[in-house]
Amino acid sequence: MDMGLLGQFIVNGMMLGMMYALVAVGFTLFFGVLDVIKFSHGDVLMVGTFAGFSTYLGLGAIGIDNAFVQLVGVLVVAIASMALLGAIIARYLVLPLKSAPPLNTLLVTLMLGTVLREAIRLFYPDGSNPKRFPALLPTDSWTIGSFNLRADSVILLVGGLLVIVGVHVLINRTRLGMAIRAVAQDEETAKCMGINFKMIVLLTFGLGSAVAAFAGVMNGLYYNEINFGMGLLLGVIGFSAAIIGGLGNIYGAILGGFIFAALQTLGAVALPFASAYKDVFAFAVVIALIAWRPTGLIAEKTSERV
Amino acid sequence: MEQQQETVLAFKGLTRRFGGVVALNEFDMELTNGQIVGLIGPNGSGKTTSFNVLTGIYEANGGSIEFLGQDITSWPAQKVYEAGVARTFQRSRLCLELSIFDNIMIGAHKRLNHGFMFNVFKRKALQQQIKENYDEARKLLTIFDPELADKMFEPVGSLRMIDRRRIEICRALISHPRLLLLDEPSAGMTHEETRELMDDILEVREMIDGLSIILVEHEMGMIERVTDKCIVLNFGQKICEGAYREVASNKLVQEAYLGGE
Amino acid sequence: MTQSLKDKLIILLLAALGAAFLVTFIAIEEQAEIFALLVFAGVLIIASAKLGLTDKISQSLSRNERLLNLSSIAAMLVVIFWFHEDHFPLLMIATVLLYVVACCGLNMQFGYTGVVNFAGAAFFGVGCYTAAVLGGTGTPLLLVIALGGVMAAIVGSILIIPVLRTRGHYAAVVTIAFGLLFRTFLEVNDTLGGPQGLPVSGMNLFGWDFNSNIQITENIEFSFYMNYVILALIMVILTFILMRRIERSWIGLNFDAVRLDETAAACYGINIKRWKILSFTLGNFLAGIAGALFAMMLGFIAPSNFAFSDSLILVSIVLLGGMGSIWGTILAAGLVVLLPEKLQVIQEYRFLLYAVVMILILLFRPQGVLPRNLRSYIPGWRG
């Protein structure tokens, strides 16, 4: 294979892996503290991207056209608003159903995902059509042989890596992280130790959603296009990645994201009729992986007592 | 023990590990026809684990289980039940949304016809089978509590703890088991209720010939009154075996209880 | 007047009221009138609930199941014949009926065994595409319908291993992934028409052409949709009987035991896999036969009919009616299908509206509108 093409595949795969990992981290955080799957996660990501996009339009409207300022504005608004939305969802939809059958939580968050999707489609100006997301990053590129490395790709990958490192530090090196880990380990004991359970849940959901918003903006910047349905696919894949890594395990989720992206990229390379069946292949992989290892490559903590 | 000394159940070196924790370590035990054995020991000493390994919920990591002369070590839960082992659970596992009758009928599974044709098209025969089983379930439940037997079509979720225990025991007994496993039947009940339940269990044993019982229990009064033999577990290991009185005066046992908790 | 006579009168009255309501609701076009009728019905229901009438009525109903079932069919026939020459109302009614069949299938999965399936629209779609492919081949109509169901069951069997090995969230994502896969596959696959879809040719039953109007006498002509409505009604009746018989048998008990506690069920000899496979396969079969007739009736199908949001609509019907409740499914299918057709304001917003309603239902009335009753194996028999 041509070097340039190979490099392109690798960069593309890394980018996908980074996005999947960021989404998967959210799923795994939520599952850790509350043993629930929030199926609206992908749609929260989408709403975050639209919030960022609106910020860009708003900044443009008041005459700010410096790309860096715009980028910061987009990121700050997307992340902050989704952190808030995540906490609100946890407070009003997930926590009230804590003692209901797990199926109900699943359904509620699925339905919420539909609400978010439909709300954007119906109420965002011309929401049913894809939007052109601006290229806010430098467009320089370096040519190495036949391979063209774009600066924005490098920046996005580094940014994603920084977010992952940030989450790692937050979980492992701070008091908040300690509290999150304590709740994930054993809710009752954590409560006895004076940890405000509800607050930790809200903060965790906020954190996971903020990370998803970042992934959404990343997605927009990389593909330069966003639409109201983008969250569904990313959500399903992110969840699968979290499962591959073993739910509740952050490093597993990151690994799962990259494994999934690698499989997808390999599939695109290996299949002759590649591009059209790309998504079909991705979903088939999801199904096969879950059938093969229902609890993930790194085993999930089991909680059932007999 | 005036009955013949047929061995019903034998564990040989039964071992089960969870990660690094050895929940059951080289456990040997034997149970003969009609015997009631008490399984005691501090929390986490492997009592429930031995039930779960025996009934096929967990796989054994070593050793063997013999039941009525057959090696059932790695049998799935369904097959163990078919062979004649029925159990109750530490935390009552009834279907709370279903009626008493439904719950008891789950226990009768091996005697019912589950064929699709029979259930969907042969309605007359099915209804006949339902009525026959209803009569038997009612007779059994009446031994425990005649009032309860009048509530066959009420949801189990609306009942008191002791009634739920009774139904769980009925669900086990309706399958005509050779071996009944009772996992802490007194949990969540008052002394008075525990006594009542104990009387019921003794009555049932009188009634069913050759039924052997293993009883996991913390309530020592109950153990003393109903068991023929006691086995004490600590950290997955058998530390003592014998009649209740011997066991209770054993030094190791006292240490396990006093030092262990 | 004796109690039993009173019960019977109540049922007949209810059936008449139901038929009258349906006829009026379907016939009127003026949005304000429709709205007023709905408010009136709502007030009536709330008032009778407040007066304790609903409890009494439901007791009367449960004492006379046979009469209830028969008079419901009669009421439905009255409605159908009322609109015998109107294409659109008949199309709507048939759609409701076919949704009932498909949702009964989902109910068997969700409500009985607790097997989650978020790809209901995909299995419905398998039935549709089967009908489209077989359309021109001269295959007899009833065989096409049956094959639609069989195909859906076969396609479902691809998912059996993942569905058996997983529970709850995992099984959900497996079926969601399958639903998305199915639609994407249809869109990129040219043999099945790609994004434009496929036409479905009309069918005939024993030489009877289903797609032409029926001349009864010189003045009476039935819309050709009558064929489909009647066939759909027969399918609903058969499905209803199947669901009821399964529920009131040991199979239904096994299903419930699997749903409520797999570990305890296994310890009592219940073969979890066997019952999950049966309910999953039967459920998909029902979705498939509904889809096959639906495709023939519409005459045209496209991948966009089988999106994830359509699967969610099917799940919403099950949930709204009440898990495992057949009457609930019938009522909910009627509401969910008819409301957006009649009230144009909500047409555009229906996915959003349903999702919001579902969230409210899950938070405040998770058992649904008409919750399932305890199993009574033999009607009227209590030991």
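Including glycine, each Cβ sits where the backbone N, Cα and C put it.
For A:6-32 (among others), the entry in TrEMBL reads transmembrane segment. Proximity of distant same-chain residues to the transmembrane segment (A:6-32), defined by a Cβ-Cβ separation under 8 Å and at least 6 residues beyond the stretch ends, is recorded for 38, 41-42, 45, 144, 147-150, 153, 156-157, 160-161, 163-164, 167, 180, 183-184, 204-205, 207-209, 211-212, 214-215, 218-219, 222, 234-235, 237-239, 241-242, 245, 247-250, 252-262, 264-265, 268-269.
What TrEMBL records for A:44-64 (among others) is transmembrane segment.
Per TrEMBL, transmembrane segment is recorded for A:70-94 (among others).
Under the heading transmembrane segment, TrEMBL lists A:106-124 (among others).
Taken from TrEMBL, the feature transmembrane segment applies to A:153-171 (among others).
Here TrEMBL flags A:200-222 (among others) as transmembrane segment.
Look at TrEMBL and you will find A:228-247 (among others) tagged as transmembrane segment.
Feature annotation from TrEMBL assigns transmembrane segment to A:254-274 (among others). Within its own chain, the transmembrane segment (A:254-274) has Cβ neighbours under 8 Å at 1, 9-10, 12-14, 16-25, 164, 237-238, 240-246, 281-282, 285, 296-298, counting only residues six or more beyond its boundaries.
Here TrEMBL flags A:280-299 (among others) as transmembrane segment.
Only residues 6 or more beyond the boundaries of the transmembrane segment (A:106-124), in the same chain, are considered here, and those with a CB under 8 A from a CB of the stretch are 36-44, 46-47, 50, 89, 93-94, 97, 228-229, 231-232, 235. Long-range contacts of the transmembrane segment (A:200-222) within the same chain, counting only residues at least 6 positions beyond its ends with a Cβ under 8 Å from a Cβ of the stretch, are 15, 18-19, 22-23, 25-27, 29-30, 32-34, 38, 41-42, 44-46, 48-49, 51-53, 74-75, 78-87, 89-91, 94-95, 133, 135-137, 152-153, 156, 159-160, 163, 167, 170, 176, 179-180, 183, 190, 230-231, 234. Sequence-distant contacts of the transmembrane segment (A:153-171), counting only residues of its own chain at least 6 positions beyond either end whose CB sits under 8 Å from a CB of the stretch, comprise 11, 14-15, 18-19, 21-22, 25, 137-138, 177, 180-181, 207, 211, 214-215, 218, 221-222, 250, 254.
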